[in-house]
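Chemist: Following this message is one structure expressed as structure tokens.
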């Protein structure tokens, strides 16, 4: 660590959207954002779970628009920067400008781990707006460390000043993380930061985040009570407690985060965010974590096991954006019974 302060990036109000089908109220957003700000996290990501303009038939409709959520959070923070997520092909540069006007100052431009080339326009435009611009390589387990580093280099070339290893499936272990960060560090400029976005499907979210920091990672994503897709993200309060034990500088108030997790976030969960049969299957099969609720709906509709659907999706190497294929897979399984 060399005494540097970690950048703590909260994702409760974006990845956490998946856990409650994108149904946060504006008052929920205000309360959670204020609590996070009071606890001194560095940034608070706010958007539909699938990023700007994710509210749709395919991904699920949100209770409010991205801009309403962003404005609600921006109104109550004094310290933290408001971040947002943009997936090229779902959100556009016009949506990004609107998010900036609503108060977002950080954007993470997210692509599948082998498709960084679709992010050029969005990264360049974010830099023109003066935003803190991050490249976000989703499903990072699905390509080799060397290929991931080449994709990271593309994003750096477009103007991203930080590149994330994103374990969207919660499928990686500590060795996988170390290999990817070493590859990125060898390829990127020394001044380009790196970040880690973990999911907890194999209960390794915190361990993988620690491994990333040990390899020189600058920014850590986490969420209160692990609120996120699948078994959730690295739980923020747990990561901070572990970082404290390691003597790392993080600048946040552990007890305030613990209170916010239990008092504000956990009561909102209509399905427990935890490692269980279905979420473990996600991590084991390497499936996009936000498929969970969609798979459970399809399983109930067609009289199937959600685990069987998830395992088949993993075999077919489905990636984020292919939510519409969940019903196809379910119908195939039913017809083959």
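We number each residue from 1, going along the chain as drawn.
Including glycine, each Cβ sits where the backbone N, Cα and C put it.
Note that the structure is predicted; figures quoted are calculated from it, not measured.
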Chemist: What does Swiss-Prot list, out of 15, 37, as binding the same Mn(2+) as 197, 199?
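Modeler: Matched candidate out of 15, 37, per Swiss-Prot for Mn(2+) with 197, 199: 15.
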Chemist: Swiss-Prot has 14, 15, 168, 197 down as binding substrate; which of 288, 302 does it also list for that site?
Modeler: 288
Chemist: Could you check which of the binding-site residues (14, 15, 168) sits closest to residue 199 (Mn(2+) binding site), going Cα to Cα?
Modeler: 168
Chemist: If you measure residue 288 (substrate binding site) to residue 18 (active site, proton acceptor) at Cα, how many Å is it?
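Modeler: Cα to Cα, residue 288 (substrate binding site) and residue 18 (active site, proton acceptor) are separated by 12 Å.
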Chemist: How big is the Cα-to-Cα gap, in Å, between residue 18 (active site, proton acceptor) and residue 197 (substrate binding site)?
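Modeler: Cα-Cα, rounded: 15 Å.
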Chemist: Three states by DSSP: which one describes residue 199 (Mn(2+) binding site)?
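Modeler: For residue 199 (Mn(2+) binding site) - judged by DSSP and reduced to three states - the answer is strand.
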Chemist: In terms of DSSP three-state secondary structure, what is the assignment for residue 14 (substrate binding site)?
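Modeler: For residue 14 (substrate binding site) - judged by DSSP and reduced to three states - the answer is coil.
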